[in-house]
Every structure is written in C-alpha cells, then in structure tokens.
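Listed features, source TrEMBL:
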- 6-25: transmembrane segment (TRANSMEM)
- 37-55: transmembrane segment (TRANSMEM)
- 75-97: transmembrane segment (TRANSMEM)
- 104-124: transmembrane segment (TRANSMEM)
- 130-152: transmembrane segment (TRANSMEM)
- 164-180: transmembrane segment (TRANSMEM)
- 200-217: transmembrane segment (TRANSMEM)
- 238-257: transmembrane segment (TRANSMEM)
- 263-281: transmembrane segment (TRANSMEM)
- 290-312: transmembrane segment (TRANSMEM)
Amino acid sequence: MDLLIVFLAFLGGLFTSWVIGVNNASSFGPVTSSGAISILTASMVVGIMSFIGAITQGGSVANTIGKELVTGISITPLMAAVVLITASSLIVISIILKYPMPSVFTLTGSVLGVGLAAGGSISFSQFNTILVFWLGIPPVAIIMGYFGALVLRKSVDKENREDQIKYVLLLIGVYTAYTAGANRAGLAIGPLLNVIDINITYLLVFAGIGMTIGAWTGSPRIIESVSREYSRLGPRRAVSALFTTSVLAQIATYFGVPISFNEAIISSIIGSGLVAGKSGISKNKITKTVIMWILAFIISILASYGVTYTLIQ
C-alpha cells in the first residue's frame, strides 16, 4: 500500500508537470505570430528552456510549497498524493468545462487544505509574502506595461517595426519560458520533498522532464491559439506583456513565491493598452477571470481538506 501511495504521488507530480509544461508554451504565442519562429520549433524551445529553468532555480518555490507554507507537520506520501491528484483533477475538470483553473492557485490551495486537515497550521509569514505578490502583481504589471509600451511606441520605428521587434520577441519569449520553468516546477515537486529521501535536484529534473514532455506534446495547439490572441495586440504590447511577466516571475522566484503568469500578462496588457486609450481586454472577461482565480483557490482548499479529513477518519 505504501508503494502504491508513493507511486500515485509521483504520478500526480508527473501529470502536474505535464500540465504546467503545456501552459508554459503561452510565452511563445506572440513570437510565432511575428513570424520569427515556427510553432513546432517554439514547442521544442519552450520544453528545453522550461527544463533549464526548473533545474537551475526551481528549488526555492519547491521549498515554499513543500516545507514552509504549512508548519507543525511533514507532508506524508498520502498527503502528497492527495495534494497533487486533487489539484490535477480540478485542473482537468475545469479545462473540460472550459473554465480553466490556474495551477498556482489550485496547487497552493490544495497544500493549505491538506495541511490544515492533517493538523498543521499556516505559516502566516510565508503566506502573507505570497499574498503580497498575488495582490501586488496587478498594479505593478499595469504600471510596467504602460511605461514599457510607451517607451516602445516612441523608440521603435513604425515602418520597420516587424523587423526590429520580432527578434526581441524571440529573446523575451525564450526568457519567459525559462522563468516559467523556474517558478512553476516547485508546484509539482514541492509536495514530494518528504515522500522519499532523495536530493531535490533529482526531483527538479523529474519536474523538468514532465514539463518538457508537456511542451513537446501538448503545446502546439496552445501556441497557435495564443498567437491569434496576441496578433490582435500588436508587437509592442506583446513585448511589453512578456517582459513585464518574466521580470516579475524572476523576482518572485528569488523569494520562493509561485505566481500566476496569466495574472501578470493580463494586467500588463491592460497597462500597455492605456497608452492607446484602451485596455484591449473586455471588462466582462477580466471579471470572469478574477472570479475563476478566487474560486480556484477556495475550491482547492475545500476539496483537498475534505479528501484528507475523510481519509484520516
């Protein structure tokens, strides 16, 4: 039974890594829309850069999720399995229902729910740090997006903007894929840190492989879809959005805080749109997205708490 639980925990971690790898591909949507790189090549690059990001900087978020967010207990194999399988199941169900739940909010909520059900307590110093980032990213990204688009609008020649910007987009897309791997790998393997006695580097490699497989097998459709979305924004706003997101992700990774790339990108797009006097995203879409973020966090806490409490009883 113990081996089965360990197997299920790692299976959940692998699937979570795969889902994250698929979603990491969104950073190359604007790159392919500019014609700088093909969709297939973009998928390969995303996988490689996510892997590099995971193994070089993924440990900080992993420690936050697996050891620092909940105190008073150690995450057992059963708890790790519940966290990862519950979160993965919720993400899959939400995708089927076409209301995707962000992995960062779902997995963080699942860790909190399992930890509380098992008798642990929230480390409010760590949780408050996470909240500061989650609540602070929208206004900061709006400001960065605005000034980024303003600078590009004044400095990039309109007639030759495609030639000037497509390679900038390529470089920023590569860096964004790297920061996505660095920031998100810990979500998949954080709960596994105490499952078996193994060096964290091997777990990061495990997450990196999962993300690479996800990028190579599931990302082409995501990239194609996102490229259509970004093509309506224009190259300047795309550069501004990705640059803002990658910088904020790098800072968050340094502090061991997992963040939602979708949150940063949407906020940056709103900010860059203010330069032209429009947000580029409907208020209805923004409202629905924010509601989904909140629901993802709450539902994951309640679901993982309920499953863990039932198993313990």
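For all residues, glycine too, the Cβ spot is worked out from N, Cα and C.
A Cβ distance under 8 Å defines the sequence-distant neighbours of the transmembrane segment (130-152), meaning residues of its chain 6+ beyond its ends; these are 64, 69, 108, 165, 236-237, 239-241, 243-245, 247-248, 252, 255, 257-260, 263-265, 267-276. The largest share of C-beta pairs under 8 angstroms with the transmembrane segment (6-25) comes from 200-217, of the ranges 37-55, 75-97, 104-124, 164-180, 200-217.
Counting Cβ pairs closer than 8 Å and at least 6 residues apart in sequence, the transmembrane segment (200-217) and the transmembrane segment (37-55) reach three or more and so form a contact. Against the transmembrane segment (164-180), stretch 37-55 shows more Cβ pairs under 8 Å than any other of 37-55, 75-97, 104-124.
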